[in-house]
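Q: The transmembrane segment annotation in Swiss-Prot covers 3-23, 53-73, 78-98, 118-138, 143-163, 174-194, 200-220, 226-246, 251-271, 316-336.
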Amino acid sequence: MFLTLIAAIISFMVSAFTMPYFIKFYQLKKIGGQQMHEDVKQHLAKAGTPTMGGTVFLLVATAVSLLVSLFSIKNTQSLALISGILSIVVIYGIIGFLDDFLKIFKQINEGLTAKQKLALQLAGGLMFYFLHVSPSGISSINVFGYQLSLGIFYLFFVLFWVVGFSNAVNLTDGIDGLASISVVISLVTYGVIAYVQGQFDVLLLIGTMIGALLGFFLFNHKPAKVFMGDVGSLALGAMLAAISIALRQEWTLLIIGIVYVLETSSVMLQVSYFKYTKKKYGEGRRIFRMTPFHHHLELGGLSGKGKKWSEWQVDAFLWGVGSLASLLVLAILYVF
């Protein structure tokens, strides 16, 4: 536990110290920043804000985790577990980096196409499964304390889980500070679970990422001086999925990650309903003012018809939802 605390503090300090230099480099090189193509007018002022800040906190968390674990952990099984989780973080970080690179440096607005991104995500998921999950012999998922054996179909579950939550966190990263603190809340919860289980290797990874993210948040809260970009959000979502698998508590991510589930569900419902009503009535209709869900809240509160919410109000509400959901999971696991 002490080692995790030290690693978290180091990650925080390095991330917080390095981020201003990253931002200054972006500005000095006059690199094109984040582009805004949204109907939320208050976001237009953010155009040009440096992005890809996730590169910094991912490098910091990965480096600190590796250095501390190599010098302090002698158990080869623990080192294999750490390398497994870090591998999926790095792979998805590279995918996100490529997507951001095409948008910013090559001025390709959509970056990777949806098919290209999905293909790379599936390839990364397959590597994670065959190199780190399959050798462990795991082929079942924990469903509220019961082990449901999936056999070979566990492969498809892993792919769905990793790809799904990486994209879900990516959708959540739409307003200042929302994704970074939402992930911190999720990681703190998994840190408690890892501690209770005695999985201090996983706890070390969690601690370093929390520290690095908090260092990043100093520059990502409203008004944001930097965004994490796809390089950060895709990697963080994949990390949460991998941690839930490593701790054998897969089901908990549906509740701990309720914010990501809400954001993704809102997009899926909106698109499906729009297509259905367009086919039936000749014009598409919407359930939400705008998706993902945080934009619906910005434009009119919960009802979508009330007073507009500020980004801080949206953040506070969704962070609160995530915190309550996380407490519920801990209560289910260790109280009831």
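Using N, Cα and C of the backbone, Cβ positions are placed for all residues, glycine too.
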Q: Report, as numbers and ranges, every residue of the chain located at least six residues beyond the transmembrane segment (251-271) whose Cβ falls under 8 Å of a Cβ in that stretch; write 'none' if there are none.
A: 141-144, 161, 164-165, 167-169, 171-172, 174, 182, 186, 189-190, 193, 237, 240-241, 244, 286-288, 291-294, 296, 318, 321-322, 325-326, 328-329, 333
Q: Under 8 Å, at least 3 Cβ pairs, sequence separation 6 or more: does that hold for the transmembrane segment (53-73) versus the transmembrane segment (316-336)?
A: no
Q: So which residues does the transmembrane segment (78-98) touch in its own chain, when a touch means Cβ under 8 Å and the partner is 6 or more beyond its ends?
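A: Sequence-remote neighbours of the transmembrane segment (78-98) are 52, 54-55, 58, 61-62, 65-66, 69-70, 111-112, 117, 120-121, 124-125, 127-128, 131-133, 162, 166, 170, 199, 201-202, 204-205, 229-235, 237-239, 241-243, 246.
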Q: Please work out which recorded stretch in 3-23, 118-138, 174-194, 226-246 has the most C-beta pairs separated by under 8 angstroms from the transmembrane segment (200-220)?
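A: The stretch I would name here is 3-23.
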Q: Counting CB pairs under 8 Å, which listed stretch among 3-23, 118-138, 143-163, 226-246, 316-336 touches the transmembrane segment (174-194) the most?
A: 316-336
Q: Counting Cβ pairs under 8 Å that are 6 or more apart in sequence, does the total for the transmembrane segment (118-138) and the transmembrane segment (3-23) reach three or more?
A: no
Q: Under an 8 Å Cβ to Cβ limit, what residues of the same chain, 6 or more beyond the ends of the transmembrane segment (226-246), are close to it?
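A: Cβ under 8 Å, 6 or more out: 19, 22-23, 26, 34, 49-55, 57-58, 81, 84-85, 88-93, 95-97, 99-100, 111, 121, 124, 128, 133, 138, 158, 161-162, 164-170, 172-173, 179-180, 183, 186-187, 190, 194, 199, 202, 205-206, 209, 216, 219-220, 252-253, 256-257, 260.
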Q: Cβ under 8 Å to the transmembrane segment (3-23), counting only same-chain residues 6 or more beyond its ends: which ones?
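A: For the transmembrane segment (3-23), the list is 50, 53, 55-57, 60-61, 64-65, 68, 72, 191, 200, 203-204, 206-216, 218-219, 225-226.
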